[in-house]
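*Asks:* Could you have a look at this structure, given as structure tokens, before my questions?
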Amino acid sequence: MNSIEKQLLNEPKRIVQNVITAVILLIFIMWSLTAVDLSNFTSNGLAIAKNILLGIVTPNTDLLFTFNTNGVPYLLVETMAIAFLGTIVGAILAVPLAFLSASNIVPKPIAFLVRLFLILVRTIPAIVYGLMFIRVTGPGPFAGVLTMALTSIGMLSKLFVDVIEDLEVNILESLESIGCTPFEKIRYGIIPQLSAMFMSIVIYRYDMNLRDAAILGLVGAGGIGAPLIFAMNGYKWSEVGSILIGLMVLILIVELISNKIRNKLVRGY
Amino acid sequence: MSILKAKSVELPNGKTITFKRSKAPWIILVLLICFYYSVQITGFDMQVLAKRIGQFWVIIGDMIPPNWKYLNKLWQPLFDTIKMSLLGSILGAVFALPLAYFASSNMIKNKSVVAAFKFILSLLRTLPTLVAALIATFIFGIGTMAGTVAIFIFTVAYVGKLLYEQIENADLKAFEAMHSMGHTTISAFRCAIMPQIMPNYLSNAIFCFEGNVRYAAILGYVGAGGIGLMLNESLGWRNYANVGMILLLLVVTVFIIESISEYFRKKLM
């Protein structure tokens, strides 16, 4: 027996573990397969799939290139504006909440309570907030902004907390030892450590909010979702196609730009 | 323009050093302009908010206490939601592997194939889940099947993207050694690359499942089955005590799933 074979025999035997994992996974799959219900699937579905594809290939170019309030470009700008304002308001609200739920800043019980609150805020679906805010502001993009702000808080503060808990305290101690005031400690010790990561997180959330803003229209909170659902319910596939194209192009471009900026912020190139 | 002028310092040895010019004023200016136009477009109005925010609390007040009698009608849809996201996530994660393999530039030498697969993945990712579900309800009919398909598409795109990034960053030494000893590409990939990417792959899949449960909860809004249907119905009837019950159940479920997923992801890392 040479040394290679000996090494091979040293490999841990995981057969029992693997079989158990596989069985559990299989049980889960079988259980969830009961959710598949093809009874509503008719040949009609195939025709519709074909129509949607045809619509994307032959979009309604009038809609795609009109620059009044019904055209796709304006709707996209409105969607962007909703996501932008929502992200900024959400980010401003998330910063204090994040500090309040960081266990190295505030006492543990308070941090736990704030975390519980954040989970609560994060779990309620955006559409529910959307419908609630429509009662406040009436249908329109304003309700969308408020919804985006509220839904952003949850994730933003969760990510902010991770950054805050990784704060390098050595720097603060050395600043204190050379006689810096608390304000100077915050300005030169804390802000430079946090700002790049915070900005990167906020830009990432903007990316996500753009997608979510696109669906808020389904409840009447502005943006491109409402025209999409109207076009689909009216079987106007070329309009559906042009809206989908506009949405996809916008999201791709924004994602490209946001990735560039975030790489520059976090890694410096 | 004094704020934009670069600062310079003269060192004791007579050298002058100019600081890099800060771009911050320009960035702030651009952000302010975006902010102004976003406010114009969305009709953001603090006065309306201050005056009518009470309505928001009225709805929340109606949700408390939740209607406990409604609970036993909710288990079936809740399990439908979990099944939908489980099946969609498992299938999506499995299908993501071959797609990611063909999208990673260090495995496939043909550049156009890599570009094509990367493009498909990012195209799928741009489609908001709710829009995908909406389209799926038109094709597969109303029901859980549509939701499963929407979740499947999202999972493939999300896990696939993270996976090809990992494959591209994987250490190729073992892979090349096995290749040179006569392994086929597939078996070398299985033995040399898979162990490297496995923990991250599983962790991403579990994380995606966790998010999918949250998304699946709203898919019912467009008729894609699950607890979203009940949510939509109760919201439509303005039966906020029922809505409160659904949200409470959802929060508890998501919290449990999140805790389990966090436990396993910590183990994997």
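Backbone N, Cα and C define each Cβ position, glycine as well.
Annotations in TrEMBL come from automatic prediction, not curation.
Features from TrEMBL:
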- A:76-258: domain 'ABC transmembrane type-1' (DOMAIN)
- A:15-33: transmembrane segment (TRANSMEM)
- A:80-100: transmembrane segment (TRANSMEM)
- A:112-134: transmembrane segment (TRANSMEM)
- A:140-161: transmembrane segment (TRANSMEM)
- A:213-234: transmembrane segment (TRANSMEM)
- A:240-257: transmembrane segment (TRANSMEM)
*Asks:* Do any residues of this chain, six or more beyond the ends of the transmembrane segment (A:140-161), have a C-beta under 8 angstroms from a C-beta of it, and if so which?
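*Replies:* Here the qualifying positions are 78, 81-83, 85-87, 89-91, 93-95, 97-98, 101-102, 118-119, 121-123, 126, 129-130, 133-134, 198, 201-202, 205, 208-209, 212-213, 216-217, 220-223.
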*Asks:* Quick test of the contact rule: Cβ under 8 Å, at least six residues beyond the ends. What residues does that give for the transmembrane segment (A:213-234)?
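*Replies:* 70, 72, 75-76, 78-80, 82-83, 86, 126-127, 130-131, 133-134, 139-144, 147-148, 240, 243-244, 246-247, 251.
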*Asks:* Against which stretches of its own chain does the transmembrane segment (A:112-134) lie, if we need a Cβ under 8 Å and a gap of at least six residues from its ends?
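*Replies:* Residues 97, 100-101, 106, 143-144, 146-148, 150-151, 153-155, 157-158, 212, 215-216, 218-221 contact the transmembrane segment (A:112-134) from elsewhere in the chain.
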